[in-house]
Every structure is written in C-alpha cells, then in structure tokens.
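J.: For reference, the structure I am asking about is given below.
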C-alpha cells in the first residue's frame, strides 16, 4: 500500500509517499511543492497541477493531510484553507477519500508527546525509516510524519 502524506503550506507544501507492506514502512519519495507565483488563483493551479503529477506518477492508495494549525494570522489561515480546499477536492476526485490529522496527533504518534518540536518529529521520522541524510526543509519531514501516522492508524484498524 502506498500512502501520500501532505503538509499544506502557503509557500511550500510538503509531500511524501511511503510504502506500507508487511508491517514495514519505506520511503518512496518526498519533497515539497514550491509556490512561487503571486496571484492566489495561479498558486492554487500550480499546487493542484503538482499534486496531479504526483498522483499520475505514483500509484497512491491512501492520502493523509495535516490539518490547519490556527496559530497563524487570520489572512494566512484563510489562504491556507483555500489551498487545503483545492487539495481536498482534487484528492476526492482522484482517490475518493482522505484522512486528516492534527499536528498534535502527528506529534503524539511519532514521539509520544503532542507538544514535541518539529526537530523531534524529524528525528523520529529518520529513525523509523532508517534515513541517514538530513531532511530539509521540515515541511518534508512533517509530510512523512503525516504518512507514518496514517500507516499506524491503518495498522490499528
């Protein structure tokens, strides 16, 4: 089974595809979609086109998205919600369903502490997947963490 994890952002959208087979997790690919255009409509189109390319290239069975954290300023939250809505619609069209996890759920699933720092989450991602190189930016390790959280949830059900 292949799981796509997404950490939506207003400038960078982290993504990761992991394989979950025989209780073993492995990283297939990870990166980020760099949102460089200035008009919102173009940003949404760029994001959706990049997601389409990922879904075309990899046979994804499940998708998990990190929920929006409301600590940002209201304008950023609204923009992020628009990106998330566009992502959600595309995923529903292509895959049919997706799961959502709060940052607290992801941190707790990986570190046992819902208030863990992003660096602690990145450390656990590397440890769980036997990754020796640095994962930068943290949007990528967050996306991997979302995918791992979903894999753990699937294992429990």
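The backbone N, Cα and C atoms fix where each Cβ goes, glycine too.
Feature annotation from Swiss-Prot assigns active site to 7, 66, 139; the stated evidence is sequence analysis. Positions annotated as Mg(2+) 1 binding site by Swiss-Prot: 7, 139. Under the heading Mg(2+) 2 binding site, Swiss-Prot lists 66.
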J.: Taking DSSP three-state, what's residue 66 (active site) in: helix, strand or coil?
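T.: The three-state answer is strand.
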J.: Quick one: give me the count of other CB atoms within 10 A of the CB of residue 66 (active site).
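T.: I get 24 for this one.
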J.: Applying a 10 Å Cβ distance cut-off over all chains shown, what neighbour count does residue 7 (active site) have?
T.: 25
J.: Provide, as an integer number of angstrom, the distance between the C-alpha atoms of residue 66 (active site) and residue 139 (active site).
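T.: On Cα coordinates alone, these residues lie 11 Å apart.
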J.: Tell me the coarse DSSP state (helix, strand, coil) of residue 139 (active site).
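T.: In three-state terms, residue 139 (active site) counts as helix.
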J.: Cα of residue 7 (active site) to Cα of residue 139 (active site): how many Å, rounded?
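T.: Cα of residue 7 (active site) to Cα of residue 139 (active site) measures 6 Å after rounding.
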